[in-house]
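Can you keep this structure in mind? I'll have questions shortly.
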Amino acid sequence: MAHASLDKRDPTRKPGKTTRPRVRVLLPLPFPGPFDYAVPDSLADADLRPGAIVSVPLGRRTETGVVWDNDSVLPPEFAPPPMPAVADGRLKPVAALLDLPPLPAGLRRFVDWVAAYTLSSPGMVLAMALRTTATIPTAPVLGWTVADPPPPDLRETPTRRKVLEVVSAHGPLTAAEIARRAGVGVGVVRGLADAGALRPAPMAAPPAFARPDPDHNPPVLTGQQADAAHSLRELATQGGFSVTLLEGVTGSGKTEIYMEAIAACLARGRQALVLLPEIALSSQWTGRFARRFGAEPALWHSDLGPRLRRITWRAVADGAAPVVVGARSALFLPFPDLGLIIVDEEHETAFKQEDGVTYHARDMAVVRARVAGAPVVLVSATPSLETLANVGAGRYRHLVLTARHGGATMPEVRTIDMRAHPPERGLFLSPVLTEAITAATGRGEQAMLFLNRRGYAPLTLCRTCGHRMQCPNCTAWLVEHRARQILTCHHCGYQEPVPPACPQCNAEASLTPIGPGVERITEEARATFPDLRIQVMASDTLPGPAATADAVARIARREIDLVIGTQIVAKGWHFPHLTLVGVVDADLGLGGGDLRAAERTVQLLHQVAGRAGRAEAPGQVLLQSYTPDHPVMLALVSGDFEAFMRQEAEQRRPGFWPPFGRLAALIVSADTPDAADATARALGHAAPHGEGLQVLGPAPAPLAVLRGRHRRRLLLRTRRDVAVQPLLRHWLSLVKPERGARIDVDIDPVSFL
Ligand code: ADP
Ligand code: ZN
């Protein structure tokens, strides 16, 4: 396709004989590539340069899309097959050029790259970059405020009261924003407006993103800290692509140090992006950032309201947001001038997106940095084996901090052998642990109990007939949530009230909870320690970042004696008065035969342990385990993480398991078991053969039924030097899924469910 000269005023062009000038427009929809559109007379070609955001007709609809580049930068074997050309006569014109900053070239290249690597349609990757709602320009928004005086005859309901509370606390907000914050439908807001209890009001001006000042409040760094900060500052100042692993024990000052890299990036006038695995963490993080730089960073995550989302997207595109901290989706923001990426807690599996386009944000951050020609810093106390292998191969730089800041010591880690020190019947905390909690809180210090399981009990069983309460849509047990009086499926969200009798044998009062969730541990702790002030931290008890920030603030103000939580408490929190961490079930993550189960358990528990003793008072960590001699427990007790990872590496190397080889999973899902089996079998028959590659399966997925869909898995394992994408493309082209079946591709899978 020749696009060298699209200028309609080109004097060499003979009227009537030439082809109409065209542009390629990528739409945020699951098509294999961009479509051609004609340049309308109303627009100059120069308006429709690659990156321009336009609206175009598609069938009877109008869609927002992006003028795409003509030449792929991908190696041919990675590039998607070309789209068929459209004849001139059938070409439709671009409808309008939208008043938005263009999508920068770096982001366009990144979209192409991610699509090719993950075998996704580029449009679906673009959808993440465009966040269509974020980009559609809107007229000035009208907000709603509380009418004063209120109408005399207003009918009050709990939801209406909630709405009025939200509006009086936060001033004029859009109806959608009010509904979101109050957790009600927009209808409730409209109803109040109709009743005269809310009146229209102009919205306050959007919050400007203040410029962080790199010299506002720099820390005093010494020794290892100063050396590491110096190296990172240099990389950020010079610019250019590089990858650095910043490894340091919990509390060694990693955050403090990478903030110096951000300072250097800001001093050069470029933008910085910080990825956190869990957006709940952002409250403490932004507070820290503000103390260091005298201004808040921009935030980006899925909980942002539509208005703030729009403002932030634009500010990033205009370069008005110098620093963005966010979840993995922030990688797809339109930075025109990205100068640094930080991936904090790089080992976290939360960086892997499992729905829609499956991608690993840590790996894609490296790609984004390469496209931008910028340094990326991967930060962790317990780096992933993937990253360590890259360090070992000399591809990544390595900075190490071996001591905690300010003389704080590493916590002492011990296992409690649950066979020798069992809890009382029906309870889950060993006397060794409860005594330690009593002692720590008696000294006025804080304690934490960690159990990576939400709800009251993971299984409900009938004592009479042995019936297990199972999800009707998934191969999974229903988890009791006692406070809400429901049984729910953690995979599909199905829920039902806890039945009074066994649905199988009708025996009454026979259903029994088996095993603990965090709710049950809380019940036990309340009974054992009636005087302690307890804070539960689990994703379902803390509905959003604000509630989490609140809980964290209460803990920091010492209004809490005992924190009980799921993996959310493991994250990078800094609780200076916390000295004891008890892990209720240290063996929990080890079952299941997942490739990374041991690595992940060490990382998670080490991180939980790292919450203890971060200030003067030394910390203590107690791991309740039935397998205290397991290598994972021994590694946690000895603290010799390096030796453990060396062993892990030696186990994976011979079989070419990652990071010494590549994996790609094919997941077949279908309406019926037959369609799933037939499609999976067809894939099996068409499987590639060759040197350095092996196909495992098809086999039923551990979650053999999920949301009513029947699932089968195949796993392609190759040597590192095999390019799996072309192989997969060819393989998939040979198989037509049965009716009602689909095949999803997961490159570098993290979950094997
Ligand atoms: P990490 O990210 O490695 O867990 P942090 O950066 O959170 O460590 O540091 C742990 C604590 O020590 C924080 O409260 C931090 O503010 C403090 N700290 C670390 N280094 C310094 C320093 N050089 N000067 C002052 N405080 C520091
Ligand atoms: Zn389910």
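Each Cβ is built from the backbone N, Cα and C atoms, and glycine gets one as well.
What TrEMBL shows for this protein is this:
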- Cys462, Cys465, Cys502, Cys505: Zn(2+) 1 binding site (BINDING)
- Cys471, Cys474, Cys489, Cys492: Zn(2+) 2 binding site (BINDING)
- 1-13: compositional bias 'Basic and acidic residues' (COMPBIAS)
- 235-401: domain 'Helicase ATP-binding' (DOMAIN)
- 1-22: region 'Disordered' (REGION)
Would you count the other CB atoms within 10 A of the CB of Cys471 (Zn(2+) 2 binding site), including those on all shown protein chains?
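There are 24 of them.
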Out of Cys462, Cys465, Cys502, Cys505, which binding-site residues have CB atoms lying under 6 Å from ligand 2?
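Those binding-site residues that pass the cut-off are none, since no Cβ is under 6 Å from ligand 2.
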Most Cβ neighbours within 10 Å: which of the binding-site residues Cys492, Cys502 is it?
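Buried the deepest by this measure is Cys502.
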Around the Zn(2+) 1 site formed by Cys462, Cys465, Cys502, Cys505, list the extra residues of the same chain whose Cβ is within 8 Å of the site's Cβ centroid.
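Near the Zn(2+) 1 site, the remaining chain residues are Arg463, Thr464, Gly466, His467, Pro503, Gln504, Asn506, Ala507, Ser510, Leu511.
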How many whole Å apart are the CA atoms of Cys462 (Zn(2+) 1 binding site) and Cys471 (Zn(2+) 2 binding site)?
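Per the Cα atoms, Cys462 (Zn(2+) 1 binding site) and Cys471 (Zn(2+) 2 binding site) stand 15 Å apart.
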Cβ within 8 Å of the Zn(2+) 2 site's Cβ centroid: which residues qualify beyond Cys471, Cys474, Cys489, Cys492?
Pro472, Asn473, Ala476, Leu478, His490, His491, Gly493, Tyr494, Leu706, Arg707
Which whole number is the mean pLDDT over the domain 'Helicase ATP-binding' (235-401)?
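Mean model confidence (pLDDT) across the domain 'Helicase ATP-binding' (235-401) is 93.
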I'd like to know which of the binding-site residues Cys462, Cys505 has the most other Cβ atoms within 10 Å of its Cβ.
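Counting every other Cβ within 10 Å of each candidate, the maximum falls on Cys462.
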Do me a favour and check the Cα-Cα span between Cys505 (Zn(2+) 1 binding site) and Cys471 (Zn(2+) 2 binding site); whole Å is fine.
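Here the two Cα atoms lie 18 Å apart.
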Fill in the CA-CA distance, Cys489 (Zn(2+) 2 binding site) to Cys502 (Zn(2+) 1 binding site), as an integer in Å.
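A Cα-Cα distance of 18 Å.
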Let me make sure I understand the structure: which of the binding-site residues listed (Cys465, Cys474, Cys489) has the fewest other Cβ atoms within 10 A of its Cβ?
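Among the binding-site residues Cys465, Cys474, Cys489, the lowest count of other Cβ atoms within 10 Å belongs to Cys465.
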